[in-house]
Amino acid sequence: MGRRWGFLIGFLVAVGLLGLGHGEQQPSETAAQRCFCQVSGYLDDCTCDVETIDKFNNYRLFPRLQKLLESDYFRYYKVNLKRPCPFWNDINQCGRRDCAVKPCHSDEVPDGIKSASYKYSEEANNLIEECEQAERLGAVDESLSEETQKAVLQWTKHDDSSDNFCEVDDIQSPDAEYVDLLLNPERYTGYKGPDAWKIWNVIYEENCFKPQTIKRPLNPLASGQGKSEENTFYSWLEGLCVEKRAFYRLISGLHASINVHLSARYLLQDTWLEKKWGHNITEFQQRFDGILTEGEGPRRLKNLYFLYLIELRALSKVVPFFERPDFQLFTGNKDQDAENKMLLLEILHEIKSFPLHFDENSFFAGNKKEANKLKEDFRLHFRNISRIMDCVGCLKCRLWGKLQTQGLGTALKILFSEKLIANMPESGPSYEFHLTRQEIVSLFNAFGRISTSVKELENFRNLLQNIH
């Protein structure tokens, strides 16, 4: 009997040991876990968590924002895609059909948008146009009141001032054309390889406050990188002041957002009958899987959420500008313009209600002289990045790169103009702070792109859930 029990116990122990030996074959991580397991909880330098952003964006904000961006005021963007690259001459233009941009015919753009000046209210537009015409004729228009003349001069001065974070296009240039953003969506174009790497390499290596001795992880144009270089990079990054660290994270977040779009609207099928665009899971994994990217992918996605919070905060700060009664989304269609302003204000008030906004008061909060110097460096670095967009060889990528950098630049301009916004009069001309139509269109479309990225992350998370 004892021998039988001994045999049975031995058998059970053996089975147990076999089970332990196969412990490695327990259900492995899903692809979703490898991409998103670290993209949760609180974000660095923030008091907000990823889950709160997902819920707020995907269910309360995203649907209404998409409706607004489909309106005439926001779908037409004037851009000069023929500006020469200011940094190098050997640009390889992408010859693929999907890289091309189809500009609008003049009769496709609403008259109110095409008018000579469309930055402000209809009344202000007329006044500015009269002033510009008088200036061209070398005459003094005495019909304009002293207050109006002062306002016009302030507006003009402000547009040419040094507080802009972007190198903006001259929209009066004959090379500047209106583009319908809905007909030229941001998606995969096939523009990749050394030419695309060069753009991002210049942005990261020369414009993110990084010394040449610090090597960026997974840089395709650098060789012989290992774990020690990665550790050195993040030790350097954590040692930066909060402003410079935020700058890097904004650029990384923008890069990540663009890669999400390209993975979500990938050319899956191209036949003479039709083109089929959709989610490319493999492409997404190559860019964001924690194992395939040696831990970089999840970091990039967290930086995307950081970028979302920065632009969300800017929109909450600029609400008073859009609430002013003389501001309108002027296209010439009064009923539609009024409806769109109501929708715009609904969205902005929803944004203002977000409970965990980024606290920008920690920015530039030290010694005033040092803070001003740092702020100017911040502005000049970002302005330089906006100029690099003219070096992108794919015209559609250039279009969306210029729009999104101008949008982020406008968000930064808002965050650094808090006192000017607070001092705006409730009605009448605003001497110190205003936004041009170009800035408004780029601001909301850029945020729309980031909002779409956050929504697409939910889609990819669901698609990857059952893949190992």
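Glycine is treated like the rest: Cβ placed from N, Cα and C.
Pulled from Swiss-Prot, these are the features on record:
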{"type": "SIGNAL", "residues": "1-23", "note": "signal peptide"}
{"type": "DISULFID", "residues": "Cys35-Cys48", "note": "disulfide bond"}
{"type": "DISULFID", "residues": "Cys37-Cys46", "note": "disulfide bond"}
{"type": "DISULFID", "residues": "Cys85-Cys391", "note": "disulfide bond"}
{"type": "DISULFID", "residues": "Cys94-Cys131", "note": "disulfide bond"}
{"type": "DISULFID", "residues": "Cys94-Cys99", "note": "disulfide bond"}
{"type": "DISULFID", "residues": "Cys99-Cys104", "note": "disulfide bond"}
{"type": "MOD_RES", "residues": "Ser106", "note": "phosphoserine"}
{"type": "MOD_RES", "residues": "Ser143", "note": "phosphoserine"}
{"type": "MOD_RES", "residues": "Ser145", "note": "phosphoserine"}
{"type": "BINDING", "residues": "Arg187, Thr189, Trp200, Ser252, His255, Arg287, Arg300", "note": "FAD binding site"}
{"type": "DISULFID", "residues": "Cys208-Cys241", "note": "disulfide bond"}
{"type": "CARBOHYD", "residues": "Asn280", "note": "N-linked glycosylation site"}
{"type": "CARBOHYD", "residues": "Asn384", "note": "N-linked glycosylation site"}
{"type": "DISULFID", "residues": "Cys394-Cys397", "note": "disulfide bond"}
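Feature map: Swiss-Prot annotations on the structure.
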residue: Cys35; record: disulfide bond; CB count, 10 Å: 26
residue: Cys48; record: disulfide bond; CB count, 10 Å: 21
residue: Cys94; record: disulfide bond; CB count, 10 Å: 22
residue: Cys99; record: disulfide bond; CB count, 10 Å: 18
residue: Cys104; record: disulfide bond; CB count, 10 Å: 18
residue: Ser106; record: phosphoserine; CB count, 10 Å: 10
residue: Ser252; record: FAD binding site; CB count, 10 Å: 22
residue: His255; record: FAD binding site; CB count, 10 Å: 18
residue: Asn280; record: N-linked glycosylation site; CB count, 10 Å: 18
residue: Cys394; record: disulfide bond; CB count, 10 Å: 25
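The Cβ of Thr189 (FAD binding site) has 21 other Cβ atoms within 10 Å, all protein chains considered.
For the binding-site residues shown (Arg187, Arg300), fewest C-beta neighbours within 10 angstroms: Arg187. The binding-site residues near Cys241 (disulfide bond), taking a 10 angstroms Cα-Cα threshold over the set Arg187, Trp200, Ser252, amount to none. The recorded positions near Arg187 (FAD binding site), taking a 10 angstroms Cα-Cα threshold over the set Cys46, Cys104, Ser106, Cys397, are Cys397. The Cβ of Cys46 (disulfide bond) lies under 8 Å from the Cβ of Phe306, Leu309, Leu356, Phe358, each of which sits 6+ residues away along the same chain. Sparsest Cβ environment among the disulfide-bonded residues Cys208, Cys241, Cys391, Cys397 (other Cβ atoms counted within 10 Å): Cys241. Cβ crowding, taken as the number of other Cβ atoms within 10 Å, peaks at Arg287 among the recorded positions Cys85, Arg287, Asn384. The Cβ of Trp200 (FAD binding site) lies under 8 Å from the Cβ of His255, each of which sits 6+ residues away along the same chain. Calculated from their C-alpha atoms, the gap between Arg287 (FAD binding site) and Cys94 (disulfide bond) amounts to 22 Å. Annotation note: Trp200 (FAD binding site) sits in a helical segment as assigned by DSSP. Note: the CA-CA distance between Cys94 (disulfide bond) and Ser252 (FAD binding site) rounds to 24 Å. Among the recorded positions Cys48, Cys85, Thr189, Cys208, the ones whose Cα sits within 10 Å of the Cα of Cys99 (disulfide bond) are Thr189, in sequence order.
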